[in-house]
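Chemist: Per TrEMBL, the features are:
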type     : residues  : note
DOMAIN   : A:20-208  : domain 'ABC transmembrane type-1'
TRANSMEM : A:20-44   : transmembrane segment
TRANSMEM : A:72-94   : transmembrane segment
TRANSMEM : A:100-128 : transmembrane segment
TRANSMEM : A:149-169 : transmembrane segment
TRANSMEM : A:189-211 : transmembrane segment
Amino acid sequence: MNRLDFHPVLVRLPYLLGGVWITILIAALAFGLGLSLAVLLVVVRFENRGVWRRMSRGYSTALTNTPQLSQIFAVFYCLPLMGVMVSPFLSVVIGMTLNAAAYLADILGAGMSRVPSVYHEVALTLGLNRRQTYLRVILPHVGRTMFPALANHFQIMILGSAMASIFGVEDLTGRAYDIGSTTFRILEVMLVTGALYAVLSFALAGIFMLCRRGLERMV
Amino acid sequence: MKAIRTSLFLGFCAACSVLLPDNADARGSAVIRESGHINIGVEPGLPPLGEYDARNELAGYDIDIGRAIAAGLGVEPRFVTLSSSGRIPYLLAGKVDIVLGGLTRTPERAEVIAFSHPLYSEQFAIISPFERKIMSFGDLTSGAHQLVEVRGSTAVAYLREHAPKASMLLLDSYVDAIRALAQGRGDAMVDVIEYVGHYLPTQPQVQWRVIRGFAPPVGDDCIGLSPQDVTLRSDVDRLLEKMEANGRLEAIHRKWFDPGTDQRAP
């Protein structure tokens, strides 16, 4: 076996670390936008019984049963066929947003179905309209109860954003491949990159744990 | 915290298993002959070097060279398909005994792997949609144009040295790069036209401009071998010399490349 040599990787560590911020940015943007879309989908699902409800469910079914990679691929290569040119970074964010919305809608939907009916009755008694009921009663409750699942999904998105490299985005994995193709030390690069993902994941787990404790104290 | 400690412990164990010596040592000629097969890394997305034919079987220049090497060693060829960026990692990890796939000999690569005698030399060309109005390599050095390149290819290293201001979108395969270029994600691509040219007809809506001769031949295309074992390298070189002498190398080259543009190394 060839001796491992981390020096060529370590001298390029600042460049590699720059990819960490791009990774976080991709995941954060896609999660934030996906959560907004998911709220819309789940409200439609609970407030309508007709075609809109079926469309909302159909959206989740379609996007949770197809690979995220093919969804990003469709955005990256199919939109230009329709005359819409978006950058590789934006293509990945849009693709991941569409995918995240489907999963997050299912997570929020599970939380919504567990909201006690008394919450709705109290909101009605207080004279809150539907919008106020959702914004002040139901969604905060769902956010608290489903926080662990939402946090888990964000961590999955951090790790899943590695596929951005396939579309030329210089995220953590993209920069790792770049260094690997220059130094030919792909094993060393991937060991360091894996360690960076692990550090990032553990840090996020710690932050989410603190957030969860804060939320529990608020109740 | 317990979960994190457990994860760290498992990560440490995994790292140890990687760092400890394992069975990834290069196989020499004797081991290969004894096993009865040789693992040959080829790139199936790089015609005419490698592609899947109408019967969905591997075919191309590299396949014929691989078969000839295997026959010369008296063993069965086992082809392992890989991408440009995977050629050297596969070789270093012992996943393949020799690797082809348009592997150009460069000083940087020679520090980590060994090369056989050259098979042929290759030269870069600029490929761009006609309306981009790119007329020379000088147009690319200003940094005003976006290039689309394949990660791990020699062209990337060449451009970083000769056009450092050029912005590059790096994709994983030639088919993706040509599609991205045709869709307007970039202005031009610099690569070996004998490889890229096969993909240009897949975008018939684009009128392509190909500019050759702006740079000398960038290097020799060779077979990559592990630097650890010299027996296989000397056997491969001996077989290539024999194929050169009896005209087999020439015949395989003419079969797959345009006979009018023979660029095989002297």
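Every residue, even glycine, has its Cβ placed from backbone N, Cα and C.
Unlike curated entries, TrEMBL annotations are predicted automatically.
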Chemist: Apart from its near flanks, which chain residues at least 6 from the ends of the transmembrane segment (A:189-211) lie with a Cβ under 8 angstroms of it?
Modeler: 6, 9-10, 13, 16-17, 20, 23-24, 147-148, 151, 154-155, 158-159, 162, 172-173, 176-177, 179-180, 183
Chemist: Where among A:72-94, A:100-128, A:149-169 do we find the most Cβ pairs under 8 Å to the transmembrane segment (A:20-44)?
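Modeler: The stretch with the most close Cβ contacts to the transmembrane segment (A:20-44) is A:100-128.
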Chemist: Counting only residues 6 or more past its boundaries, what in the same chain has a CB within less than 8 Å of a CB in the transmembrane segment (A:72-94)?
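Modeler: The answer is 22, 26, 29-30, 33, 161, 163-164, 167-169.
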